[in-house]
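**Q** Sharing a structure here in structure tokens format.
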Amino acid sequence: NTDLQVTYTHEEVAFFHLRQTHHFDEFEYPSDQYCKQDLFPKWHLPLKIASIASLLIFIYTFLRDVVHPFVTTNENTFYKIPILVINKVLPVVSITLLALVYLPGILAAGFQLHYGTKYKRFPQWLNGWMLSRKQLGLLSFFFASMHACYSLCYPMRRSYRYKLLNWAYQQVKQKKENAWIEHDVWRMEIYVSLGILGLALLAILAVTSIPSVSHSLTWREFHCIQSKMGYLALLLCTIHALVFAWNKWVDVNQFVWYTPPTFMIAIFLPIIVLLCKSILLLPCLRKKIQKIRCGWDANTEMNKTQMTSRL
Ligand code: HEM
């Protein structure tokens, strides 16, 4: 089946033969030429973006959740660093990377609408960004999976058990029989469920990006999964974060040192992407983009009308 054939560069074929004939493994070095091969070239930019975003969010959360209580009330919350702080960094980076997967598509649609053609080349930076979408998406899935593991281990922590005991003691002291808060129960049921659904969709997206799987799909099937299901995953994850935030939007205590809480930072880019996508889905714009992508060109149309008016 020609569809399943993968095209290799001359260098890759030569390297494959070299490996077959010489049977070198991790204990042997191939010739100099192959040692100079670039390591994971397509991953450089996405990894840089993920590392810088992780570092910035880590510092931000560390200052808000650990340094602030230490400085203001002398409370020691350094125990939060390994799980609670990390589990704020992971989802924020994950959802931001997911939004970055879909943002270039929107910019590209805007570009095509502006120039009225699909034949004008995208700027180099947009082209490079579009080519990194798969890696950005896989990194987003990786961060989301870690976020799910960290979140699910919350009740196992000793700090959580002590807190639970202390809450129970406070409750007894206040002679309260029932600690059930209906809206908090609903909030958690809904956001955890949405998180699981979002992660499941991201897993499907990750599996279909494996070349052997994507090659077995038609263009339409692949496009349907990667685009429609991708946007659905982004939507579910954004609602997951919004429901997690619930009424914290209006809670002034969330604005530590006048800085916005992390969930606001997390949903900023996804909401912009989802809003732009909904605008592009308006019938007038959608039809125009479809026409442009089918080969319609505003410039040639204009030339044609100018020619006929001159005739
Ligand atoms: C099995 C799946 C998931 C579970 C169990 C889960 C659970 C949680 C929990 C417990 C929190 C609250 C964390 C805290 O208290 O600090 C949370 C927050 C959050 N989650 Fe998830 N989640 C899941 C999947 C996802 C996915 C797939 C995404 C997006 C890619 C995501 C994005 C977020 C965001 C942005 C927040 C807000 C973080 C903050 O600002 O504190 N989650 N999730």
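Glycine residues also receive a Cβ, built from the backbone N, Cα and C atoms like all the rest.
According to TrEMBL, the record shows the following:
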DOMAIN    92-237  domain 'Ferric oxidoreductase'
TRANSMEM  45-63  transmembrane segment
TRANSMEM  89-115  transmembrane segment
TRANSMEM  136-157  transmembrane segment
TRANSMEM  190-210  transmembrane segment
TRANSMEM  231-250  transmembrane segment
TRANSMEM  262-285  transmembrane segment
**Q** Other than its close neighbours in sequence, what residues sit by the transmembrane segment (136-157), given a CB gap under 8 Å and a spacing of at least six beyond its ends?
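**A** Contacts of the transmembrane segment (136-157) (Cβ under 8 Å, skipping residues fewer than 6 from its ends): 46-47, 49-50, 83, 86-87, 90-91, 93-95, 97-98, 100-101, 192, 195-196, 198-199, 202-203, 205-206, 209, 230, 237.
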**Q** Mind pulling out the one from 45-63, 190-210, 231-250, 262-285 with the most Cβ pairs under 8 angstroms to the transmembrane segment (89-115)?
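**A** Maximum Cβ contact count belongs to 262-285.
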**Q** Which listed range (190-210, 231-250, 262-285) shows the maximal number of Cβ pairs under 8 Å with respect to the transmembrane segment (45-63)?
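**A** Stretch with the highest Cβ contact count: 262-285.
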**Q** Sort out the residues at least 6 away from either end of the transmembrane segment (262-285), same chain, that have Cβ-Cβ distances under 8 Å to it, and list them.
**A** 57, 60-61, 64, 88, 91-92, 95-96, 98-100, 102-103, 106, 109, 113, 231, 234-235, 237-238, 241-242, 244-245, 248-249
**Q** Calculate the per-residue pLDDT averaged over the domain 'Ferric oxidoreductase' (92-237) and state the result as an integer.
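**A** When the pLDDT values over the domain 'Ferric oxidoreductase' (92-237) are averaged, the result is 96.
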**Q** Under an 8 Å Cβ to Cβ limit, what residues of the same chain, 6 or more beyond the ends of the transmembrane segment (231-250), are close to it?
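**A** Same-chain residues near the transmembrane segment (231-250) but 6 or more away: 91, 94-95, 98-99, 102, 144, 183, 187, 190-191, 194-195, 197-198, 201-202, 205, 261, 263-264, 266-267, 270-271, 273-274, 277.
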**Q** Can you name the far-off residues of the same chain, 6+ from the ends of the transmembrane segment (190-210), with a Cβ under 8 Å from a Cβ of it?
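**A** Distant contacts of the transmembrane segment (190-210): 98, 134, 137-138, 140-141, 144-145, 148, 151, 217, 222, 225-226, 229-230, 232-233, 236-237, 239-241, 243-244.
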